[in-house]
Amino acid sequence: MRPFSRFLALLNVFLGIAQVFLGIVMLSISSQESCDRPLRAFVIVYMVWIVAYYPTRFASQLAPHRDQPYNSAITQFIKLCRSPLFICGWALFFYGNYLAFASSSCRSEAPLLYSTVVTYILIPHILVTAPAALFLLSLIIVLLLIIFVPSVRMFFFEKKGAGIAQISQIPLVRYIDPQLGLAPAATPVSAPPSLHGDSHALRTSSNLAVAQSTTSLHSNSARPRRHGLSYIHIVNPFARIAHRLTRSRRQRAAELEQYKKQLSGPVPGFTPGDAEDRMCAICLSSYEDGEILRLLPCKHHMHQSCVDEWLHINRTCPLCKREATTGAIEASEADIEHPTATSNCTPTPTSTSPPPEAVAAATTAA
């Protein structure tokens, strides 16, 4: 028999013996007590039920752990008797509650018998509610530890994603369509896209105030989503909950301010060297001129709003699975300032000089 099963069996034996002993003692010292309810008869019947039920319960707990099987006749008798005795026990339990709460004079005229009946009905109450009470108590203790003990909180909410401060360290670039001619100078993002929206195009001036007032981790884009519900949208609320539980209010405010400052700062131009590399790997949409991208240290790039959602859940690149937050500033700035011609994802420097056609036309006119 396992230790826990042995403990339960011994507990049942102890409770049965204690209740029978209590009933015998109370009946012997309360022979002169009487009231308007048959408390004495109830105590006697309850003791008889304990003597009949608890041995069958102990035998049923002991039988699965015996090396030698029980006699089939004894086993069948135990199974046959246990169910009716169990039903009788619940009937006595409800009847004892009725006697205890419906009596008007037993508490004063027969205090010993009344206390015995209350004890008999209180033990089943404790046995039924104790597991639920222990579960709720353990749950409350765990919640308090998570709230007030940082190490426990970090153990339960170990983040696989990057925080807002880490995401803010990854540089932004503005996609420039090479087919549209001159590249615009590096200008601030007038309306930074929402972290949880799928609208990647720059907003018009009429929507600028609305966009700036709703730019935050929990803002939603005014335009509908392009691809409906996805894995990111399902998991992202849990990531936000974990972020709140692992950061203080001051830390969250500072990180959010840093994030907004980056979105409102100047953004350099960027054009992928390979024409086939001008598509977001997350939303599978082609880049449009003026859209804001994030350039990861691994030289992959995606829409800022798409990759911010991804990094908030998983800090690795969606394509190469490399760490996207380690050395993000140095690696990405080096790629922007010193691009290589062999990489398909390396940004090409934008030129502010006029196109060759304009130079040729000016030379001809001269």
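Each residue, glycine too, has its Cβ placed from N, Cα and C.
Feature annotations, reproduced from TrEMBL:
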COMPBIAS  339-351  compositional bias 'Low complexity'
DOMAIN    280-321  domain 'RING-type'
REGION    331-366  region 'Disordered'
TRANSMEM  7-29  transmembrane segment
TRANSMEM  41-59  transmembrane segment
TRANSMEM  80-101  transmembrane segment
TRANSMEM  121-149  transmembrane segment
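For the transmembrane segment (41-59), the residues of the chain that approach it from at least six positions outside its boundaries are 9, 12-13, 15-16, 19-20, 23-24, 26-27, 70, 78, 81-82, 85-86, 88-89, 92, 95-96, 99, 113, 116-117, 120, judged by C-beta separation under 8 angstroms. Residue counts for the domain 'RING-type' (280-321) under DSSP, split into helix (H, G, I), strand (E, B) and coil, are 10 helix, 9 strand, 23 coil. Regional average pLDDT for the domain 'RING-type' (280-321) in the model is 87.
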